[in-house]
């Protein structure tokens, strides 16, 4: 009853706002209202008001956005009689309306995200049996060894869980391939991994044919196992010790639960973070998704499976005959299907795995293309908005998740729209300079403020636009192709273990330089037209300003596609753990300061350090967090320096036995807390103004860096080509 | 596509073959008319008697009013001398003629003078009657008034309505700038412009319908005298006012001026019409002979014409009932029942076409509005049209109408040229012509703010200012070049959207525009004036005639001297300021002190004039706001001023008329709050009579606005006090869309209220959302 009442009251308030917003008031009234609303939003943000105040601020912002939509719809479209203006004008309008629609969906999803869930402790005897699946295709055995070791080290009764390595790189089909070399490699891989699994106590499983890619592989695992729950880890996603303890409890609470998803935490930067050097200080791209959007989805029981770092219910999967494989994003597709059958999902907002993400821009784009194409396939084949069985909020949530990937279209339109005016003198937006300023500026500022309100700690200003832009250039053709041929795309495994050894331009960088050049010409045309056609300088300036904004984005993107040489392959994690350093009964006290996947930094105390260092290799001895005996990890010493009372040593692990992988995994992956802490150091909100200033500076620098790389590339190719003629002569 | 067309246009313009019609458009367009579009060439062009050319520039002797007595005359200009300015100007209006006038052989006489700078070889004056050229000559009379005489082709004139058009085309002798086009004019003199009829009896009015043929005098006034011999005995005020309205509806003249008398003044000759009202007996005593048959009962008829005497209409009967019935009979053909809609506001006696009434969303093509397709080779093209909106118009603060312009300009036109739109003389929109290669504008929208719209008649002027390199160079003869640069097509449209409608008290412009709210009355409106106040009754007659014309119907009135009777109804108070009943001035927002301070004795003292220097004014003028240029730019771009920043209208103080004011018209709600009181007052009865004549001028009448309007001692200049807070009166059936527009207008006028409302609604929505979200979905 009270619920109905509150729905009615809310509806009344919403209708009231709608009516007020759609009044055809004059420009002055809108301008003042915009200023008042902005002031109110700023005040609320400055005093840090949360809870209901946050929703009031969002309502205020929404009102201005709706006013913009009203104005844009009623008074700015070019007349149909001028088709050359009307068609691009309509496209721009649709692009803007798409953005507004996505904003509305986001508002719905993240209006009040669920707070982080408390841990659920389960009595030891109630713990369900779990099969841990690690699907692999072409990953290096040493990488797999770390993951398997970490999985095996999970804090869970040994008799209740089994780790399965699901190898699709050593299938019968692969081993019998026509290509002899490939077949040979598959055979070797098959044998090596079998041995590795045996050594680490995991089960190795492969299958006849590589059908249905990852989904097929997982289904094969399902068919060969019996555990009540399935945990899935990508080959490069190593779980923390607490992973199962933190997740399985929810299945006891809700028998209709099919999924507990946890965030993906990455130890290495993505190309943007690496090339822009923001990894250490700015929240990662996926933190917006895992830090807030998944929590928002969780509120509406719409948190979906992201392919890894999740626990699923076998009963639920049996209902759908395993994982769905129509699309190339089997994870989300499976979740849609199960949600529609009345199963529930839960999201645990705590990084419990650490993994790797694509290093190079090309593989980053490859991964995103798969996501975008897969989501388009889901939209095409499952069409969540009309899927029977989904609740209304779930439909909206899936709509947001899938429609999001249409962003290359509006992004492209926003990029080129100003050029229509600057180059071809088309009037695709009929408004005076003053109107444009009053409505568009208030809309843009309010939009930035709302984004900041919603995602401030997780996404800095203009970074979303930058990510969208760098992806759009290559995603647009990918999305168009999947629209034309929805069944064509196939699952391609994303390479994540590449490294960049020399500074160079990405192989996908060319379009970015072309676009930058075109926009730069746009700026020149702006200047010329302001000078040569003073009678329409106001419109030219406004459009030129828009183009300039695009240029700043495009300039920043030049930095993204200029790959920096990589200094450390993966991020170092601070651990601060007691150990002993030495060899053969000669042991010195030491602390492990930080660790990475490949090595560690150790501070050694005591007098007789130098002789040990001189040997070039030694051992670390420490008690694993999983308990048990003190264990020994052999290391190569790479460097050392005197540091106060001790000596700081940089070392590299020597993983010669399976046991060593277990120890490395214990050092890096055992403690999930350290990842949370690291994330929190990056989560701060610079605010719209400071964030914008920061972005501008970043962009100037990156533009310059991109151009330097470009010049170097041009010169480099000249140098390479130069010897050729002489060689021909000779 | 536009580019392509423009390119074709350029190509076409340079090709000799296409030179005839450079603006030829796609086939669906009507063919472009040439600059002289009127279709029927004069069948008897040879008859046009032009003056001998060499003497044309000679000053012509002023035409004396008394010409050979065998000739009857009918003045043609409705509003005094007519000035046609600019490079191309045209005026059309309707002239009603009696059957005798139409049947008689007629000659057009026209006296004009023009600006010295108008080049005679490329400037022309044309007169059309019923779309036939009657006179067409070079404009060549800069030194004095030239007269034109032209025989009107027999059969061209019709009994009843005839269309008259005067058109000039001017080109400057030496200058090619846009500014120079303002120096071009031709003035047509009312006194020398008339039709003369060979039938000396042509002007005799025979039937009542001949009242329509009533003509203005040389000043453009139409004086009507109503003589009611019995008015000293009887209270005839209401009947007189009713009769005045009836005459006004027949003779819908520009400046109708009534005077009321109780006896015929045989000396007076300046009236166009005399109306005798009363019983047969009384009239016989006053006027002598009455027409035969007058003794039968109710009678409305003209006295036989007696030489040069004033046409005299007798409205009479054997008893009061019978002459009252006679007024009713007179009214029957011209009156309109209350509550029926009008198609148009009748303006034809000074301007055709009549202004279409726009009650809601409406599309009007230029063809309907009287602007033909035409092309233009000058620098400043200007055409205007009129339309009318109802009195309960309430969209001035937010509304935007649109012009969808079908036009074209050639490649000769430089960017920086513009099309400007004026509403009632105020700039309302401006559009730059930005194409270097010329362009064809196809239904190009131009937003026209409704800020300057007013109830009743509105005039919209479209002006194109065309810059060309040719004009910059201005070689000899360039000004006269005939190559078209610009064309407007009659398929252009004026689009009025639905607008907010609610009656507002007070609102003098609504009263002036459509007679609101008196024009809607079905119960008598109380006219409160002192008995035997002839000036008061004349003023009332002028005022009611104006209201009747604006409303298109007669207003039932009752005359009273007491305020009490008027407390509950619409009323009009007329008199010297001292004679206005107590309490009324306060009700209409006029300071009671004006009874003593606003007296005749103090005639506009020196120093009160507008030339008086004030230190404060100068300071205000010199000081710029602290923002400097940015603030300037801001208020220019967005039109925001400090006084717009308000939550609700501020209350206004009572108005105290100044010594320079000759007449005051103030409006307010009645004490019951259900009607409108209007006060017309002057310092003295004499000044009331003088001011009343001023009020009869249609231009002055059109200036009424706000809650108080005063008329200066020159009876021309007006000053208005805007309405601060109006009471609203529902004028339409309740509808959501109308309420929405009304609210939009109120909030657009009270800007801060909108912000407040929006914030409050958003706070409620935020709280509601918070409540909803804590009940919907998962909570933990």
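Glycine too: its Cβ is placed from the backbone N, Cα and C atoms.
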Correct range for transmembrane segment (source TrEMBL, candidates A:376-395, A:436-455, A:456-475): A:436-455
Annotated transmembrane segment segment (source TrEMBL; candidates A:332-351, A:352-371, A:492-511, A:512-531): A:512-531
Per TrEMBL, the range holding transmembrane segment, considering A:543-562, A:563-582, A:583-602, A:603-622: A:543-562
TrEMBL annotation of transmembrane segment - which of the ranges A:7-27, A:91-111 it falls on: A:91-111
Positions on the same chain near the transmembrane segment (A:543-562), where near means CB under 8 A and six or more residues out: 271-272, 275-276, 361, 414-415, 417-419, 421-422, 462, 465-466, 469-470, 503-506, 508-509, 512-513, 515-516, 519-520, 522-523, 526-527, 529-530, 695-696, 698-703, 705-707, 709-710
Same-chain residues at least 6 beyond the ends of the transmembrane segment (A:403-424) whose Cβ lies under 8 Å from its Cβ atoms: 88, 91-92, 95-96, 98-99, 101-102, 105, 371-372, 375-376, 379, 468-469, 471-472, 475-476, 479, 515, 518-519, 522, 525-526, 529, 539-540, 543-544, 546-547, 550, 554
Taken over the domain 'Glycosyltransferase 2-like' (A:132-319), the model's mean pLDDT: 92
